[in-house]
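Participant: Below is the structure I would like to discuss, written out as structure tokens.
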Amino acid sequence: MRPEVNIESCIACATCQAVCPAEPNVFEVTDVSRAVNPEACTGCGSCRDNCPTGSIKLID
Ligand code: SF4
Ligand code: SF4
């Protein structure tokens with residue numbers, strides 16, 4: 001699994017980065033969140049479940 005961020009609705013709050021347990025962290029947040037290390041994703045769902053704008057979905 002890996003997260004896909006909707007950059008139209010992302011508000012760059014960095015919650016996804018804060019809750020991601022992967023090492024290295026899957027996300028890098030600047031103007032929007034980007035999944036820069038998708039191979040590290042364990043599919044835990046925390047980013048999707050905690051994103052306040054519903055901007056993340058997990059895809060295969
Ligand atoms: S938690 Fe959601 S709104 Fe916040 S930076 Fe991540 S994708 Fe964007
Ligand atoms: S599903 Fe879990 S491991 Fe994957 S990016 Fe989201 S928080 Fe990180």
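Here the Cβ of each residue, glycine as well, is placed from N, Cα and C on the backbone.
All TrEMBL annotations are machine predictions without curation.
Heads up, here are the entries from TrEMBL:
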- 1-30: domain '4Fe-4S ferredoxin-type' (DOMAIN)
- 32-60: domain '4Fe-4S ferredoxin-type' (DOMAIN)
Participant: Looking only at the domain '4Fe-4S ferredoxin-type' (1-30), what is the model's average confidence as pLDDT?
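Facilitator: Summarising the domain '4Fe-4S ferredoxin-type' (1-30) by its mean pLDDT gives 98.
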Participant: By DSSP assignment, list the helix, strand and coil residue numbers for the domain '4Fe-4S ferredoxin-type' (32-60), in that order.
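Facilitator: When I sort the residues of the domain '4Fe-4S ferredoxin-type' (32-60) into the three classes, I find 8 helix, 7 strand, 14 coil.
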Participant: How many helix, strand and coil residues does the domain '4Fe-4S ferredoxin-type' (1-30) contain under DSSP?
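Facilitator: Residue counts for the domain '4Fe-4S ferredoxin-type' (1-30) by secondary structure: 5 helix, 7 strand, 18 coil.
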